[in-house]
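What follows is a single structure, written as structure tokens, with notes after it.
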Amino acid sequence: MHPDQADTAAMQQQTTTECSDRSRPEKAEEGHAREHTVTRTCSREPEQTATATKPTGLKLICLTTAICLTIFLISVDFSILATAIPAITAEFKSVADIGWYGSSYLLTTASSQLLLGKCYTVFDLKWTFLLALLTFEVGSIICATAPSSVVLIIGRAIAGCGNAGLLSGALLILTHSVPLEKRPLFMAMTGGTYGVAAIAGPPLGGVFTDKLSWRWCFWINLPIGALTFLVIVFLFKSPPRSGFDGSRSWLAKVMRFDPVGTLMFMPAIICVLLALQWGGTTHAWNSGIVVALLVVGGVLVIAFGIVQWLMHDDATIPLRIIKKRTIWACAAYQFALGAAFFVFIYFLPIWFQGVQGASAIQSGVRTLPMLVGNIVATAVSGVLVTIIGYYAPFMILGTILASVGAGLLLLFTPNVTAASWIGYQAIVGLGIGFGWQQPFVAVQTVLDIKDVPIATATLSFAQTLGGTLFVSVAQTAFSTKLTQELVSQVPQLDPASILHEGGAAELDKLVPEQYLPDVVLSYNNSLLSAFFVATIMAIMSLVGCTFVEWNSVKGKKADAVPAA
């Protein structure tokens, strides 16, 4: 063997040993009474992969732009309909279908994310991503040309299937385009884009609806998607994938996709989400259909867990991955922080419209403080993690700021000052921005590159599930509290007329002038119940950042706090 080759082999062996020992407790030297944990960190990618094959210069700029455009599509499509729904229901005479415009999209997204994460481990990354993008665009075209409410719902469901593979695919393309130590900065760009699009969606939808047509909320996806498609086709080179072993039987090949687990997981998620969507609104919580959905969903989740244990490496989420402390801690963090973020994104515009009488566009503009805070913190954290190497401190800081800001939002009253609602939102935005992207950096730091697709899909799923579940929980809390408040404060009015016959922006049309102050106060107090749900979830993100390992993206060693 050539001496250089021998040195290289020795270095690779040393790196492997250090990686495998990252969390191994070691005894202190003789004469010391206690043991301590040494946390070893290293890049899980071979050096030659991390440097020689990464795109640079204009090519990297174009790929990063395409990834940010993808993130923009994902995020804005989630929120842009908020201000377009009144125009849609007016055209289709479909008030009863309002809930399905959002839930059909989220149901297919949440139930498909893990399956598509599995596809990324087997099939070519580029073409799997492009297929997901094409599916999303087809769904958008169906929505933009929909002649009826039913067709619009079908289009949203198809777009949701495509969306399920876009976030994890975009982050995987970034993973294979940027060295690990530089990824936090690029992750900050994608995180900032996500925040901008999520908060800009409602006012953008209002502009399209007022100036053009609600259908432009979907047409806008086509040119953005087309540009992204072309950039990825011509500039991104896929890494090698395992594909199918020719020696395997056809049954073994099919089992790589964990069909049994998938057939249990998808209906489980659909059952739980439908129960939360209908419970307390369409049906009572103790109604037979809601109870049945919760029971069936719970049983299927348990069965899915058993299948994952039996399937080993062919499981949708292999236990060897999810058992790693950083992975489950990051998933818990994303679930909780995603829940808080999406509840605020959904309910803050309603507060501005219902309590302060703002228009749809004005309510979107008044959420800009959260957007600015998000962008600033995302950019700052990306730079600092790149410099110092450690992401865990920013997860902790994100939890603290998001929790404090969310708690301050509970002080809202109809007469709250502009300085207060600007400042409180900015604090929440800073918290979300500091913490939002760090889990994606963390999983890339602690896992082998071949396991990153599954972990990335798991984190994306946790975000989506947290937001979906707790927007429904917050909606139930809001509706229940509003009914109680209206019965107590203005018994002369029928609560059903306020809840179902108009939106937050139409209170002055629905309510006689002498009762309006009491109804506005009831609206404020009820929305605080939704904010309380978000506050609890922001605090719960402490669980994730407490247990995440303190590893460095720069490959340095760090000693943990000595154990008692």
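Think of each number as a place in line: the chain as shown, counted from 1.
Cβ coordinates are placed from backbone N, Cα and C, and glycine is handled just like the others.
Residues annotated as region 'Disordered' in Swiss-Prot: 1-49.
What Swiss-Prot lists as compositional bias 'Basic and acidic residues' is 19-47.
What Swiss-Prot records for 66-86 (among others) is transmembrane segment. Here the transmembrane segment (66-86) has long-range neighbours at 98, 101-102, 105, 133, 136, 140, 159, 163, 166-167, 169-171, 173-174, 189-190, 193-206, 208-209, 214, 217, 220-221, 224-225, 227-228, 231-232, 235, 345-346, 349, 360-361, 364, 503, meaning same-chain residues at least 6 beyond its ends whose C-beta is under 8 angstroms from one of its own.
Summarising the annotation, Swiss-Prot assigns transmembrane segment to 127-147 (among others) and lists sequence analysis as the type of evidence.
If one looks beyond the transmembrane segment (158-178) by at least 6 residues along the same chain, the residues whose Cβ comes under 8 Å of a Cβ in the stretch are 54-55, 60, 63-64, 67, 70-71, 73-74, 77, 104-113, 115-117, 119-120, 125-126, 128-129, 131-140, 142-143, 186-187, 190, 232, 236, 238-239, 440, 444, 449, 452-453, 456-457, 460. Per Swiss-Prot, the feature transmembrane segment maps to 158-178 (among others); the stated evidence is sequence analysis.
Among the features that Swiss-Prot reports, transmembrane segment is placed at 185-205 (among others), with the record citing sequence analysis. Through the fold, the transmembrane segment (185-205) approaches residues 64, 67-68, 71-84, 170-171, 174, 178, 214, 217, 341, 345, 349, 360-361, 363-365, 367-368, 370-371, 374-375, 378-379, 381-383, 385-386, 429, 432-433, 436-437, 440-441 of its own chain, all at least 6 residues removed from its boundaries and within a Cβ separation under 8 Å.
Among the features that Swiss-Prot reports, transmembrane segment is placed at 216-236 (among others), with the record citing sequence analysis.
For 260-280 (among others), the entry in Swiss-Prot reads transmembrane segment, with the evidence type sequence analysis.
Marked as transmembrane segment by Swiss-Prot on the basis of sequence analysis: 287-307 (among others).
Feature annotation from Swiss-Prot assigns transmembrane segment to 335-355 (among others). Outside the transmembrane segment (335-355) by six or more residues, the chain places 79, 82-83, 198-199, 202, 362-364, 366-367, 370, 398-399, 402, 406, 409, 412, 414, 425, 428, 432, 435-436, 462-471, 474, 478, 503-505, 507, 520, 523-524, 527, 530-531, 533-535, 537-538, 540-541, 543-544 with a CB less than 8 A from a CB of the stretch.
Feature annotation from Swiss-Prot assigns transmembrane segment to 368-388 (among others); the stated evidence is sequence analysis.
According to Swiss-Prot, the N-linked glycosylation site annotation covers Asn415 (among others), on the basis of sequence analysis. In the three-state DSSP scheme, Asn415 (N-linked glycosylation site) is classed as coil. If you draw a 10 Å sphere around the CB of Asn415 (N-linked glycosylation site), it holds 9 other CB atoms from the protein chains shown.
Annotation comment: Swiss-Prot describes 416-436 (among others) as transmembrane segment. Counting only same-chain residues 6+ beyond the ends of the transmembrane segment (416-436), those with a CB under 8 A from a CB of the stretch are 191-192, 194-195, 333, 337, 340-341, 344, 348, 366-367, 369-381, 394-395, 397-406, 408-409, 538, 541, 545.
Packing against the transmembrane segment (454-474) from elsewhere in the chain are residues 106, 109-110, 113-114, 116-118, 120-121, 167-168, 171-172, 175, 269, 272-273, 276-277, 279, 316-318, 321-322, 327, 330-332, 334-343, 346-347, 439-440, 443, 447, 529-530, 533-534, 537: each is 6 or more residues past its ends and has a CB under 8 Å from a CB in it. Swiss-Prot lists 454-474 (among others) with the feature transmembrane segment, giving sequence analysis as the kind of evidence.
Its own atom aside, the Cβ of Asn524 (N-linked glycosylation site) has 19 Cβ atoms within 10 angstroms in the protein chains shown. Marked as N-linked glycosylation site by Swiss-Prot: Asn524 (among others).
Annotation comment: Swiss-Prot describes 528-548 (among others) as transmembrane segment. Here the transmembrane segment (528-548) has Cβ contacts under 8 Å with residues 325-326, 328-337, 339-341, 343-344, 347, 392, 395-396, 398-399, 402-403, 405-407, 409-410, 412, 428, 431, 435, 439, 442, 466, 470, 473-475, 477-478, 480-481 of the same chain, all six or more residues outside its ends.
The largest share of C-beta pairs under 8 angstroms with the transmembrane segment (127-147) comes from 216-236, of the ranges 216-236, 260-280, 287-307. For the transmembrane segment (216-236), the list of distant contacts is 55, 59, 62-63, 65-66, 69-70, 72-73, 76-77, 80-81, 84, 126, 129-130, 133-134, 136-137, 140-141, 143-144, 155, 173, 177, 204-205, 208-209: same-chain residues at least six beyond its ends, Cβ to Cβ under 8 Å. The secondary structure of Asn524 (N-linked glycosylation site), as reduced to three states from DSSP, is helical. Outside the transmembrane segment (287-307) by six or more residues, the chain places 258, 260-261, 264-265, 267-272, 274-275, 278-279, 315 with a CB less than 8 A from a CB of the stretch. Within the same chain, residues 99, 103, 106-107, 110-112, 114-115, 289-290, 293-294, 296-298, 300-301, 303-304, 307-308, 311, 315-316, 465, 468-469, 472-473, 476, 479-480 sit at least 6 positions outside the transmembrane segment (260-280) and bring their C-beta atoms closer than 8 Å to a C-beta of that stretch.
Rounded to a whole value, the Cα-Cα separation of Asn415 (N-linked glycosylation site) and Asn524 (N-linked glycosylation site) is 10 Å.
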